[in-house]
């Protein structure tokens, strides 16, 4: 591994600048990605082709110069071996098919049907000059897709089901949690240097609901993986960060990836034992270069001095940004943070 600054930051070792990578860095904004994606009618078929998945995973490292590679896959691939049919409709996102018989979902021995994920990680571990990130969805985020059977704007079905069918909801969460522990374990054994858990839909929950219905499952997964792989950093990404941060800090993750609803300066000072990742708005990448640099400078200025940190967005890159802007953003983060923080006032 030629560049391990990302791992060093997660482990709070001395670094000369902040590492930077971006959620959805392998995606439609890259012409090089689109050239490969067009070969496949099915998104899942694309994910299952190890050779092409490896190529698009590594593209951001070669093109943008990011400090980590995240495997190209989808959080929903775990559901197929559990017994839930998943398809991706053109322009409409994922569609799931099942009969709500959650007690019969398979939660153990699911790894054999996910061998393409583990083969991809082995290839990336061999070829990548930077640390490799494996990932999965958090139980509640996956449960939301299962209950809604598709993407949702307000998660009404999920919350009604959670409150009215508590027994079945907890059965589903338990099954997902058990499967996730096995899945993450195999990812690490296959070469993942870091694991990121995506809880994208935690933003739909009140603090009470998060603590009552979700928290224990997240804590169980992180504790289980830490017992098996104590030296592998775990990042927990959660939207609605301002609502749930007081609970998330106790989950046991090494780092929290937060959205733009929190002040980085504030959370870094309040929770100095944790590493934070984030949290710029993705829309910044749509600005002209002068304004991109301005936002990067202001952001770096707000990170407390001598704080371990990973620069990222508060959510994924949108397809409408230009490759040049993303590359410039990465360059700015490196340049501004490299030994130049003394040029800027503290927040």
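One-based numbering along the chain as shown.
Cβ atoms are placed via backbone N, Cα and C, with glycine included.
What Swiss-Prot records for this protein:
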BINDING   24, 25, 26, 27, 28, 74, 145, 200, 315  substrate binding site
SITE      74  site 'Transition state stabilizer'
Recorded substrate site residues 24, 25, 26, 27, 28, 74, 145, 200, 315, farthest C-alpha pair in Å: 23
Close in space, distant in sequence - residue 24 (substrate binding site), Cβ under 8 Å, 6 or more apart: 316, 317
Mapped DSSP class for residue 145 (substrate binding site), helix or strand or coil: helix
Distance, residue 74 (site 'Transition state stabilizer') to residue 145 (substrate binding site) (CA atoms, angstrom): 13
Secondary structure at residue 28 (substrate binding site), reduced by DSSP to three states: coil
Local Cβ density at residue 315 (substrate binding site) - other Cβ atoms counted within 10 Å: 20
Which binding-site residues sit within 10 Å of residue 74 (site 'Transition state stabilizer') - Cα, from 26, 28, 315: none
Set of same-chain residues at least 6 away whose C-beta sits under 8 angstroms from residue 26 (substrate binding site): 33, 56, 57, 59, 60, 70, 72
